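Take a look at the structure below.
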Amino acid sequence: MNVQPSQTVKGKDRYKSGVMEYRKMGYWEPDYEPKDTDVIACFRVTPQDGVDPIEASAAVAGESSTATWTVVWTDRLTATEKYRAKCYRVDPVPGTEGQYFAYIAYDLDLFEPGSISNLTASIIGNVFGFKPLKALRLEDMRLPLAYVKTFQGPATGIVVERERLDKFGRPLLGATVKPKLGLSGRNYGRVVYEALKGGLDFTKDDENINSQPFMHWRERFLYCMEAVAKAEAATGEIKGTYLNVTAATMEDMYERAEFAKELGSCIVMIDLVIGYTAIQSMAKWARRNDMILHLHRAGHSTYTRQKAHGVSFRVIAKWMRLAGVDHIHAGTVVGKLEGDPATTRGYYDICREDFNPMRLEHGVFFDQPWASLNKLMPVASGGIHAGQMHQLLDLLGEDVVLQFGGGTIGHPAGIAAGATANRVALEAMIFARNAGRDYVNEGPTILAEAARSCTPLRQALDVWGDVTFNYASTDQLDFVPTPSVAG
Ligand SMILES: O=C(COP(=O)(O)O)[C@H](O)[C@H](O)COP(=O)(O)O
Ligand SMILES: [Mg+2]
């Protein structure tokens, strides 16, 4: 592919009525140097057959900022050179035919401060349906410091969460109550009590538990908080249960969250499907009310999982850190759901670092400052069990919630035994790590040693020790971008 110089039409020809290619309208500017205050997006563009990649990329810049399909004279009433997004670099995706990484810079004034809805209405607004493109994926974004500063960020943050829970030096342990649907409030509360008493720090509602005929929300909240209080009394530890306040309206969500607070809960939960504005509203509520806010990423795989089309989860993670949730499901690598190790590592870094350096090997395309926004606790959940503890600690680190739903509740000796197995496995692994042992390679031995004096752990290893989910990932990093060939 040849380098194409700027083709922006200058002078009065630029505003002559009619259709003009996007690259001629000023949306392809290979000499443009992004400003520190620009928002930058990297898209994976798959043009239709016969469509020039530079023109396709310029069109993405145009349609996600100021352009329409034809020249409009009203551009001249604005500072159009400033407001036009500029595609300044296009690289072929190495090893993949017909796909290109397009880098686009947006002036900060195009965005309302502190609004994910406004940001996304531009960046992923119309452009994903644009006919000359076969597919489009938002791979990553660089959010400038000046913009990051306009967001609240995580309501509580990892440091304060640990202080409130009085738990340090190890991952937190949780479990999703199963079955997902159908339990009555009283039976549900029993699961919560058993799991917390057995050694977990948290239990949680599943993404689709709201207020159904078999258990209305108040019933669930009452039984769950009774279970938390009893488990705290029995163990002397602080416990929590993520009460899912997801509902049809903001008013309903506030009502549920207020009730959770009234009952003494330290945490509430929402689902990603409630939408960006609702998430930001709940984050502000959580900050005002000293609550931890857990986000389940329900629905994300509909647009994050396919490499060629949609939005990478690393971008969703960035948006959610800005939006202000405290927990986010970010993948397990070894569990039942999609999670390439290198890609997942990138997500975890986005949640937990104060500054993300560009790390192409983890899919992170840009340096990203976080301006001291609180850190976001990643949550690993989905088909994990005690036999993987060494791998989980190695892959995911210490600031993470490990959630074993089936891997607690499905234990042959019952829920409390399942929780104990997980707690003992975790503490044995942390102890081995802190004692300087090679816990990754010796992991199975360390677990077997611990299981000698812990029957629940032995039973868990007997049942699940060999369970793995080995499938090809659909969202692997297939590239280390080479220097630009067009820009
Ligand atoms: O119910 C579960 C896990 O249950 P279990 O522990 O029984 O498998 C969660 O909804 C998923 O993990 C979400 O996935 P993700 O965390 O990837 O968003
Ligand atoms: Mg679930």
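Using the three backbone atoms N, Cα and C, a Cβ is placed for every residue, glycine included.
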Same-site substrate binder from Ser265, Ser372, Ser381, given that TrEMBL records Asn126, Thr176, Lys180, Arg297, His329: Ser381
Spatially speaking, which of the recorded positions Thr176, Lys178, His296, Arg297, Ser381 is closest to Lys204 (Mg(2+) binding site)? Use C-alpha to C-alpha, please. Thr176
Top Cα neighbour of Lys336 (site 'Transition state stabilizer') in the set of recorded positions Thr176, His296, Arg297, Ser381: Ser381
Using Cα coordinates, what distance in whole Å links Lys178 (active site, proton acceptor) and His329 (substrate binding site)? 18
Which residues, in sequence order, are found in the same chain with Cβ within 8 Å of the centroid defined by the Cβ atoms of Lys204, Asp206, Glu207 at the Mg(2+) site, excluding those residues themselves? Thr176, Val177, Lys180, Asp205, Asn208, Ile209, Tyr242, Asn244, Met269, His296
The sparsest Cβ environment within 10 Å, among the recorded positions Lys178, Lys204, His329, is found at Lys178
Check Arg297 (substrate binding site) against DSSP and tell me helix, strand or coil, would you? coil
Which one is closest to Asn126 (substrate binding site) in space, judged by CA to CA distance, out of the recorded positions Asp206, Glu207, His296? His296
Measuring CB to CB from Arg297 (substrate binding site), give everything in the same chain under 8 Å that is also at least six residues away in sequence. Leu272, Phe313, Ile316, Ile328, His329, Ala330
